[in-house]
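Novice: Just passing along the structure, written as structure tokens.
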Amino acid sequence: MQTNFLSQQFNAGPLAENSTACPANATICDGTSCVLPEDNFNQTLSIILSTVLTIMLALVMFSMGCNVEIKNFLGHIKRPWGIFVGFLCQFGIMPLTAFLLSLAFDVLPIQAVVVMIMGCCPGGTASNVIAYWVDGDMDLSISMTTCSTLVAMGMMPLCLFIYTKMWTDADAIVLPYNSIGLSLVALVVPVSVGVFVNHKWPSKAKIILKVGSIVGAVLIVLIAVVGGILYKGSWIITPKLWIIGTIFPAAGYTLGFFLARLAGLSWNRCRTVSLETGMQNTQLCSTIVQLSFTPEQLELMFTFPLIYSIFQLLFALLILGGYRLYRRHHVKTKTDVEKTAQKEDIKSEAKINGGFVSDEMK
């Protein structure tokens, strides 16, 4: 091992003197500008951070599951109107928005493809944490995240085939089905355990939920900071991608909210659908990009998932802050909020299904 290390240092010497070359251990190079050097320290750090973040994420999703009631969750599955609206937002609004933004800003074909990949990804687990803090429907939030991740197995290839063929061959994009499957397992298993704990020990579940929601908020910020540190060498990209990375999540939140309201969902469910629409699985997007493109192509697009991740978090925090201010000036008890939601849902379902509304719910 010592001999190999010295040999690598010796071989890298001539390259360091050459102003047009990068060190031998660089993975993405543009002259002397190198991205993600593959040294042993970075590899070890990346593995440790990935392990810690994965464990933390599992614990957070376990705590989120402690806020889910089996009967309400099954109610969304049996009457999937909210899930269907979320599906239209996730695989209808987001891919179309990505396509229109790519055309409007006239980005390079390879950059348009990474924007499309982001638009076709399923919802991220961070939306469940934010949904809790804005008093969203946690049963709907988790069922939407689960269903969108499951449906992504088929909808991602379909959407990419429809929208990217004008820029590239859809077969050139490698979809990591194993990563999608792992995301699904990492979501379903801890949530299921949390649902069981809530069913058996509801008082303990409330304590776990409070702790987990705080840890989840810290985790979201931590992921953004870690990503910025690990990929700090790849921030110099075209301003167009910065602008798209700013507009895209904001458009997802806004359009998701209005479509949910147009569909007759209650206010708390509108907030839930909005967050599920705008918050994408950026880790999955990064994986697809790294598997599908050459180092030369990655120079032009590699940082976009991280840019999107930062701005989706920033806008989510603005939504959270705005909601908290609104709630402070329009104080209602939790019971009042739940009653209002139930009334609105019953009225909307009656309107959609041609039913009636009893006098006590009017």
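Placed from the backbone N, Cα and C atoms, the Cβ positions cover glycine too.
Grabbed the feature section from TrEMBL, which reads as follows:
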{"type": "TRANSMEM", "residues": "45-63", "note": "transmembrane segment"}
{"type": "TRANSMEM", "residues": "83-105", "note": "transmembrane segment"}
{"type": "TRANSMEM", "residues": "112-134", "note": "transmembrane segment"}
{"type": "TRANSMEM", "residues": "140-163", "note": "transmembrane segment"}
{"type": "TRANSMEM", "residues": "175-195", "note": "transmembrane segment"}
{"type": "TRANSMEM", "residues": "207-229", "note": "transmembrane segment"}
{"type": "TRANSMEM", "residues": "241-260", "note": "transmembrane segment"}
{"type": "TRANSMEM", "residues": "306-326", "note": "transmembrane segment"}
Novice: Counting Cβ pairs under 8 Å that sit 6 or more residues apart, are there three or more between the transmembrane segment (140-163) and the transmembrane segment (306-326)?
Specialist: no
Novice: Among the recorded stretches 83-105, 112-134, 306-326, which has the greatest number of Cβ pairs closer than 8 Å to the transmembrane segment (241-260)?
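Specialist: If we count Cβ pairs closer than 8 Å to the transmembrane segment (241-260), 83-105 scores highest.
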Novice: What parts of the chain pack near the transmembrane segment (112-134), using Cβ distances under 8 Å and only residues at least 6 beyond its ends?
Specialist: 57, 60-61, 64, 67, 86, 90-91, 94-99, 101-103, 141-142, 144-145, 148-149, 151-152, 155-156, 159-160, 163-164, 167-168, 173, 180, 183, 187, 209, 213, 216-217, 219-220, 223, 241, 244, 248, 271-272, 275-285, 288-289, 301, 304-305, 308, 312-313, 316, 319-320, 323
Novice: Given a Cβ distance threshold of under 8 angstroms, which distant residues of the chain, six or more beyond its ends, lie next to the transmembrane segment (83-105)?
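Specialist: Distant contacts of the transmembrane segment (83-105): 76-77, 111-112, 115-116, 118-120, 122-123, 140, 143-144, 147-148, 151, 155, 159, 162-163, 240, 243-244, 247-248, 251-252, 255-256, 259-260, 263, 265, 273, 276-277, 280.
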